[in-house]
Structures are given as C-alpha cells and as structure tokens.
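Undergrad: Okay, handing you the structure first.
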Ligand code: SF4
C-alpha cells in the first residue's frame, strides 16, 4: 500500500496524498537559451513528463523562467545551489517549485526571505540530499556515507524550514548505490509524512542506468514509497521520461498504453518471432489503450500461456493464429499477421 503523505501542489500538479505518482525530468539545455529549453520541454511533455526542473545558475537563467513558462504546459522547478537571490528571482518569474537546501543558503535572514516569498506564492521546496553532498561533520558523526548520515542531513534542512513554520516540503535522498538509496528512503519514510521524490542519482548511461533506476525506484514503489520519480540518465532527458513511465506501467501503477508480453522463443518457434515482436511494439507504441497484447512463438503453448492477454498472436509455420483471451479467433498468413492484429486491436 502506498504510504500516506501530505499533498503539495506544483502549479496544478499534485504530489503526494491521493495524487498519481508523477514522472519528472531535468533539462540539459542552457536555461538562458529560452527557445532550446522550451523545445526540449515540449519533447518531454509529449512523452508524458509531468514536471520539469531547470538549472538556475545565474540571474539571467532565473529571469528566463518567465518566458519559458509561457511556452510550456507543465510546472517548472528551479534547481538552485546556495544563492538565495536566485531563488527570489525565480519565484518572481513564477516558478512552480524550488529545489534548494535551506542549510546551504547561509544566514537565517536569507532563509527567511526565501521562505516568505515561497509562502506568498505557495511554492514548494524540495530538500535534496545526495550521497556525495553530505557535510564533513555529518559524515564524521555517522561514520561515513550511510542511511543515517543521509537522513540526518535531510532532517537538518527540514528542521530549518519547520522552525519557520514552513511545511510545503518534498524530500529526496538519492545515492548512487541502490541498496543505500532504498534504506535511506525507508528510514525517512518512517519519520516524516512529506512526499518523497525518488530516484537513483548519477545512475549511468541509458542501458545500465535504466536497469539501476528500475531496480531502485521499483523496489521503493513496491514498498509504497515514492510520490514522484526521476530517472537520471546520461543521455537525452526524453529517455528518462520514457523509462520513468515504463517503470510505472510495469508495476501496474500507470495503465495508459498497450502492454506487450512476448515469449522468449525456443526450439518450437517456426516463425520470425523476434522480428514480429519488435514490429508489433513499434506499431503499437503510440496507441493509448489499457490492454495486454501477447506475441507467442507457437500454438501449442502460446494461447494458453498468454490466456490473461486481451489479444495475441501464436506463431505457426508460415502463418499464425490470432486469439482473444486464450480463444483462437482466426488463422492468418505470416505476412498479414501484424495488420490483422492491429485491425483486431482497433475493434477492442
Ligand atoms: S510460447 Fe511456444 S515458442 Fe514461445 S517459448 Fe513457449 S513453447 Fe517456446
């Protein structure tokens, strides 16, 4: 069961509480390059990105948020390190959320100013602790990077905001190590009821990073932990969103597109199933229908094994059977299988 949390709003997008688990990403354009940043966000929106974060390195980037917002449809979060003036400028530009650690801003007055501006505009703050950014003192206190030092570090920032009566907070505790990340989130989820932004930091290239993120984020979501996710990949952020959405689909959390199941093929396969499965996946990838399609290599085991699928193909020799809920409905020549399958899917 999903853990109960407070609900926050980033623009119109809710995070935590009864809101759906959202997928977010971060642009890798120069935020000051408004056109490129909008174009990239548009591509991300097309893949289903729910929220976007942009790096705010200087005042021009903070000001650019105003124009970027005009060209996009999803909430925008500014990622700021240390400089409270950038946070104030981003808030002035209408940013929907901040990622800033109050303990890194400096003296209390500066934190108060940021919190005051956030309160006025109802801008949530994400406290984000990464395994690599824990202070020397905290590392010494807890004997290095572990779940205790990560959680303690996050809670230091949380307390600063709570003392200022600010609880519009979301927390992330990302490590590069999957087990450590899971332990840290488990620990903090028993201590606070703020929504959690989950992910594995610096997960790697699209291939290895996808596996690492899927295991880490998947493990957490299966424990009911996580209200918004970000897959971090060294690549096009569009891939991050694709993987994030697919993680949610795989866990049955998101039911929007067609789910394809296919057999691994074996000595019984008499059809070019690998090629067929790939063509089916490509052809169906943009169809938003919450159904299950099975692509199976043989008629002996295919329809029976894929009984839970709404529709499927079972390969034969130069032909294939189309079945619905395990019942054979027609026999089709191999070259017509894909078109016939799509026709039958259209009818569902
Ligand atoms: S469905 Fe048929 S072809 Fe595919 S793995 Fe099972 S037995 Fe082999």
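Positions of Cβ are set from backbone N, Cα and C atoms, glycine also.
Note that this is a predicted model, so its numbers are computed, not measured.
Got these off TrEMBL a minute ago, pasting:
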{"type": "BINDING", "residues": "263, 266, 298, 305", "note": "[4Fe-4S] cluster binding site"}
{"type": "DOMAIN", "residues": "5-245", "note": "domain 'IspG TIM-barrel'"}
{"type": "DOMAIN", "residues": "259-347", "note": "domain 'IspG C-terminal'"}
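Explain the structural surroundings of these features, please.
TA: In the three-state DSSP scheme, residue 266 ([4Fe-4S] cluster binding site) is classed as coil. Non-local neighbourhood of residue 266 ([4Fe-4S] cluster binding site): 297, each in the same chain, at least six residues away, with C-beta under 8 Å from its C-beta.
Secondary structure of the domain 'IspG C-terminal' (259-347) per DSSP (helix as H, G, I; strand as E, B; remaining residues coil): 30 helix, 27 strand, 32 coil.
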Undergrad: Excluding 263, 266, 298, 305, which residues of the same chain place their Cβ within 8 Å of the centroid of the Cβ atoms of the recorded [4Fe-4S] cluster site?
TA: 264, 265, 268, 269, 296, 297, 300, 301, 302
Undergrad: Which chain-mates of residue 298 ([4Fe-4S] cluster binding site) that are at least 6 residues away have a CB under 8 A from its CB, listed by sequence?
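TA: Counting only residues 6 or more apart in sequence, the Cβ neighbours of residue 298 ([4Fe-4S] cluster binding site) under 8 Å are 268, 269, 270, 314, 315, 316.
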